[in-house]
Amino acid sequence: MNPDKKKRSNLIYGGYEKAPNRAFLKAMGLTDDDIAKPIVGVAVAWNEAGPCNIHLLGLSNIVKEGVRSGGGTPRVFTAPVVIDGIAMGSEGMKYSLVSREIVANTVELVVNAHGYDGFVALAGCDKTPPGMMMAMARLNIPSIIMYGGTTLPGNFKGKPITIQDVYEAVGAYSKGKITAEDLRLMEDNAIPGPGTCGGLYTANTMGLMTEALGLALPGSASPPAVDSARVKYAYETGKALMNLIEIGLKPRDILTFEAFENAITVLMASGGSTNAVLHLLAIAYEAGVKLTLDDFDRISQRTPEIVNMKPGGEYAMYDLHRVGGAPLIMKKLLEADLLHGDVITVTGKTVKQNLEEYKLPNVPHEHIVRPISNPFNPTGGIRILKGSLAPEGAVIKVSATKVRYHKGPARVFNSEEEAFKAVLEEKIQENDVVVIRYEGPKGGPGMREMLAVTSAIVGQGLGEKVALITDGRFSGATRGIMVGHVAPEAAVGGPIALLRDGDTIIIDANNGRLDVDLPQEELKKRADEWTPPPPKYKSGLLAQYARLVSSSSLGAVLLT
């Protein structure tokens, strides 16, 4: 037996002087034998706010069985969840990115307060997987994550749909393109049950990242929430934690710079969500790994996009699962020498060993995942932009638009609500560049996602004719000429704060540029005249967050 297996919990529960501590455990039915084993947490992101995590409390019981089979004593605790799809387009969305930090802090609080020897993380939706992985990196004790899985595709008049279709239908209805009955039918049928939004949006992207980083069991990201494979993976994940404790393998042994390069490569090859840029930066920060936006752009330029999934493509996560999930993508990348195969993972084996042992289904797959030699695009799905409007950087999801260059007049709005109203009132014209500012990490605060606005633009048929730039974020379901994470943000006096209606903005994804066609003298003059707006919140969580949060170019982490 590894003598360090109970190193942490012995400090809380070992020795005669800890008799009162043990009494609390015995009040819940634990025995001396239970307490003598490694005591581990099962961190479950769960509430009844939405379907993304609703099934995870049940799966936690299966994880506990796996832990017990490996010789551990499991203790379940929950972490809070914000359902982005419900908070979207409201003040509630300001709490979404904040919840990532709250999840990480919650795990730290419970695990450290009770001296757990390790933990399993169960998480679905957008911010809980990155929050859990941040906690894993921060605490650096044996731990493993299992993503909760996607919902199944919905159905509208015989066609598969996802929540993306409902958002875009709002814009189509406002334009008179569809009937109220069609909108209602989509609303009623887009999400048929438990699990996360069906396309390669933020949640499913972060599910892929759990595997690509080496923090989850191979193949565990793609099974739908209702698939029986979820039960198998839940059990095996609990059992795998006990092996990690036995061999002393910790997250920072896994989360090397090369592991992050692997994750970024999978992100770029799959055309995943721009939110993954923020989250990978934040996980790297917690792991003590120096990762920058330049690393993302460098890897994007060498990585072909080989996956055909919504929002830019045709297929949902359910379809990817049927052809092999993350291991299929990673095998193709490894064979092309685009992944580091020698990186260690939570199995105790390397990426290469895992992929050699993983059995892919023998089914046609090139309609969803192409060979490296015949990609959908020659470079990655996300491009980092810099220039006079974004000295620190900005992101564009090139996999979700055919337009790589756009030049047009600015239509400036100081909030998402102002912009959304203008779009619904059809005040946005072809070639315009909608600017939504003061929605950054500090300015929002909380860096809201602009899905209501972007979907309305697309729904009105302007997705490839109107551009949008913001210091806020985008949902993974966003498509069109959409540039986000513009840094520095408006609230700290970034160049986006200096824009005026009619200024000519140039988006050049081919060359990685985001500029305003103004002389430096004019920008300096406007900067001298600019005054910071007063804080939107003077007390409470959002006020605290605004004071501590860093730039989106650093992952919007809290600086301490």
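Glycine too: its Cβ is placed from the backbone N, Cα and C atoms.
Site annotation (Swiss-Prot, ligand Mg(2+)) includes D84, D126, K127; from E449, E464, E489, the additional listed residue is E449.
Taken residue by residue with DSSP, S475 (active site, proton acceptor) is part of neither helix nor strand, so it is coil. Using S475 (active site, proton acceptor) as the reference Cα, a 10 A cut-off selects E449 from the binding-site residues C125, K127, E449. Distance noted between the C-alpha atoms of C197 ([2Fe-2S] cluster binding site) and E449 (Mg(2+) binding site) is 15 Å. Note: the [2Fe-2S] cluster site is recorded as C52, C125, C197; in the same chain, G50, P51, N53, I83, D84, G85, G124, D126, T151, G195, T196, A203 also have Cβ atoms within 8 Å of that site's Cβ centroid. Other residues of the chain with a Cβ within 8 Å of the Cβ centroid of D84, D126, K127, E449, the Mg(2+) site, are V82, A87, M93, S96, L97, C125, T202, A203, N275, S475. The CA atom of D126 (Mg(2+) binding site) is located 9 Å away from the CA atom of C52 ([2Fe-2S] cluster binding site).
The two recorded residues, E449 (Mg(2+) binding site) and C52 ([2Fe-2S] cluster binding site), show a Cα separation of 18 Å.
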